[in-house]
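Remarks on the structure that follows.
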Amino acid sequence: MSAVVRSDRKGGDFGWARAAWQQAGFGPVLLVLLLAVNIAVNPARFAPGAWGTLIGLAAPLIGAALASTPAILGGRGGIDISVGPLMGFINALIVLVLVQRLGIETPWIIVPAAVLIGAAVGAGNGVLATVLRIQPIVATLGTYLILIGITLTILPAPTGTVPAWLRALGGPLSILPLTAVFLAWIAIRRLPYYDHLMAVGSDDRAAYTAGIPVTLVRFLSYVITGAFAGVAALMMTALIGSADPSIGPTYTLMAISAVALGGVSLAGGRGGLLGAAIGAIDIFLLQSALTYFNLSTFVLQIAYGVVLVLAIVLTALHERLLGRAKETA
Amino acid sequence: MMSRWTSDQWRVAGSLTVAVGLHVLGTVLIPGYSSEFSIRAMLVLASLLAIASIGQTLVVIIGGIDLSIPFLIGFANVVTAQLYGQGMNFALVCLVVVALACLVGAVNGLISSSLKLHPLIVTLGIGTIVQGTVLLWTGGFPSGSAPPALSEFVSIGGSAGVLPVPWLVPCFVVLAALIVVVLARTPYGRRVFALGSNPRAAPLALINPIAMWTITFAVSAGFAAVTGILLLGFTGSAYGEVGQPYLFQTIAAVVIGGTALVGGRGSYVGTVAGALVLTEINTLLIGLGLQPSVVQAVLGAVIVLLVSFYGRDPHVRTSI
């Protein structure tokens, strides 16, 4: 903690770089490395003209990772494993109910609907995990199964199309929804709520004795997670251009890996959305590079596991080193 | 003699009552629910789930979680079929597979505890590596088959001497008794609980947390491998994804059985009860003619409902 404060106070030329290093560990290093490899082997794909499509491809995973972060920051086992199925559920509702059945195509209804459904399910998770105090992984496992079940019931097979504006969000305009999430988070960071969340995540007993409404703060973190998952669902819908029950759930574990890769502590109270996004981009770039080398998906899976374990091990070793240096100083 | 029940025993009794209640409900609602075949099938399925959950129970009691179980089940399933198909001695195959799995599990425990990393992410990463390696080795198309003796051992129609159940069920009962004794009566078992209930005090009592985590995760992986081998006998052919349903089912069985995910509290009898509850719910809902997707949704609701009755965490104000 004191290291972060120190770098802020100095605020030197590379203060932000040091802050990124402190927050995200090896995530940014990996990002630079993978980006260089990708640009070297496949310049056409990474040319500025193709950025829209590229970001559109990466967006659902980044969105899922961003969405997973607030609940984890709340600490004491806080986690939402229902983010992936929630994305699939919202995807099915938008395409099947709003677009196909009701014929609503305007973004002024679809976007708020996605965010509100997400926030509502998030509130449900929040009640289970913080008011009923069921262990978050079990509570959201329940929601996970319920959401997958409902999605498969109303949508047994992929179907449907999406309006043109939504498809554009998966291509040329793909940066918009991501920017929206980050702006929302920047706004949240300026509220006292953010400090409360980090305090609760670091030490909920101390936070409670300091008068912070621990239950409410944690509950709201699930609502934010749900609302962000709504945006991630929009990005996923934009990318696949239809309703597909099988894609959403695959994002859960990848998103949690991305969050850990980005230096967000699964114990809570440490990390942020920037780190989570970097972790998600790492995973995307890794997949992209390995796919380019035409390696089988099996190798991809091994590499993905190895990078995940190595990155968190290196981050832990680095932190340990920092801690020792501080003790001797 | 009326002895006083601890809250743990109440939880176990609660989940057993739910299992019995579900069975009575099924018998009333569905003709043939209590038929010999149906009971045999449920016993076999519950035994398989309970064996896969042995490791999860131990790992959760020391305060961890193991997401590598489904990957190791798939690993054991595929590798056993492959090696046996290549003409290797079956007993040797089992030994090799279980030993390899234990090694993987030991790595899980060692990394998580020595670097204080969250086991959720470590086991997920290691599990992914294991699965990728297996897929690479078999090229995605596992071959080989199960030895007839193994199929006989787990077959729903099999019989163990005079008992009308396959040998799996009596063997499992003995195994479960062993696990209960190990947890209650051996130094290892007591250390598991001590470490889980107070990770900071345990080292002061000369309990080595790193050794405990390494051993316990190795045991967990070992039993996952055993489940994978048994599933090979059950389905007859290898399938790399066979373990996937066990990812969340083992956690659900442990939690329904009253073991707390924060560690230090729980019992294997509870997990067995949890496995019975899950099997009963599944059979009941499918017997009622519901779609698999609806069954999944109801299962999710039931898990939340059961845990909200007896698996709730204390409020933060009680910890001050």
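Heads up, the Cβ atoms here are built off N, Cα and C, so glycines get one too.
Per TrEMBL, the features are:
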{"type": "TRANSMEM", "residues": "A:20-41", "note": "transmembrane segment"}
{"type": "TRANSMEM", "residues": "A:53-73", "note": "transmembrane segment"}
{"type": "TRANSMEM", "residues": "A:85-103", "note": "transmembrane segment"}
{"type": "TRANSMEM", "residues": "A:109-131", "note": "transmembrane segment"}
{"type": "TRANSMEM", "residues": "A:138-158", "note": "transmembrane segment"}
{"type": "TRANSMEM", "residues": "A:164-188", "note": "transmembrane segment"}
{"type": "TRANSMEM", "residues": "A:219-241", "note": "transmembrane segment"}
{"type": "TRANSMEM", "residues": "A:247-266", "note": "transmembrane segment"}
{"type": "TRANSMEM", "residues": "A:273-292", "note": "transmembrane segment"}
{"type": "TRANSMEM", "residues": "A:298-317", "note": "transmembrane segment"}
By Cβ distance under 8 Å, which residues at least 6 away from the ends of the transmembrane segment (A:298-317) in the same chain are close to it?
25-27, 30, 257, 260-261, 263, 282-283, 286-287, 290-291
Region pair the transmembrane segment (A:273-292) / the transmembrane segment (A:219-241), three or more CB pairs under 8 Å:
no
Taking the transmembrane segment (A:53-73) as the reference, which of A:85-103, A:219-241, A:247-266 gives the largest number of Cβ pairs under 8 angstroms?
A:219-241
Test of understanding: applying the rule of at least three C-beta pairs under 8 Å (pairs 6 or more apart in sequence), is the transmembrane segment (A:85-103) touching the transmembrane segment (A:247-266)?
yes
Beyond the flanks of the transmembrane segment (A:164-188) by 6 or more, those residues with Cβ under 8 Å of it:
52-53, 55-56, 59, 62-63, 66, 107, 110, 194, 224, 227-228, 231, 234-235, 237-239, 241, 273, 277
